[in-house]
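Here you go, one structure.
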Amino acid sequence: MKLNERSVAHYATCNSPADHVGFLRKRVERHHVHHHGTSYQRRWFVLKGNLLFYFEERESREPVGLVVLEGCTVELCEATEEFAFAIRFDDAGARAYVLVADGQAAMEAWVKALSRASFDYMRLVVRELEKQLEEACKSLAACHRSPRRSSSSSGRKRHLSNPALQPPQEKPTTLENGYSTWSSGGCVTSGATCTDHDEGQTKPPPLPPRRRSATGSATGSPAPGLSPAILETPVSPETTCFSKLHNWYGLEIAVLRQEWQERQMRGHP
């Protein structure tokens, strides 16, 4: 495999995020022959994708070596050093890299990261995800083909079993003096519904006509000065509007005001 050294060195030192970094002690073995007398070199390792770079120091600007993690296995090795693991390649005559971490946690983290770095591992992951996606699509298609009668009936049962989802019950109309009282469910007065047809909102029923006991007789006879039209009930199709009710009661007020003015004039000539 040919690699552009300048491009690889730039990729090793650029600001792209690394998958794993840390100090490791490194020893190289050739032809799978263990050389226990070889000394270890402490290097700063940077893992980016399937490329494992190592530097002399953390602040070094150029890597001194590169390991391409393809066609290899990462395994724990039986060595005199503790927390040691090795990167071994399948090709005959290839070098093996024996690495030693500073502790158990660091060794496990490096083995996990290196084992997942190759494209072979990513290819297996992608195949597994594609298989799961295909199974999910088949399951979803089967659900769409199944009849929905059972789901709709069960949903209706849940709707009826939940008191909060049931339709509100209408309260009985309470009558006072032959007129229904105002309630949130609307009003019905003597078989007629008081509804504002202009705005589509329900309004309170009109009040019954008042009798003038102060100026009238004990039997409820009209006081002098009041026209018969004033005594007519406002509860009619023509007086369901608020403005008409206002005008109807305004006639009585006007008559009372006129009588008061006349009394004032007679008392103060």
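Backbone N, Cα and C atoms are what each Cβ position is placed from, and that goes for glycine too.
Remember, TrEMBL labels are computer predictions, not curated facts.
Taken from TrEMBL, the feature domain 'PH' applies to 17-119. What TrEMBL records for 145-232 is region 'Disordered'. The compositional bias 'Polar residues' feature in TrEMBL is assigned to 171-193.
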Is it possible to list how many residues within the domain 'PH' (17-119) are helical, extended or coil according to DSSP?
13 helix, 43 strand, 47 coil
Average the pLDDT scores across the domain 'PH' (17-119) and report the rounded value.
88
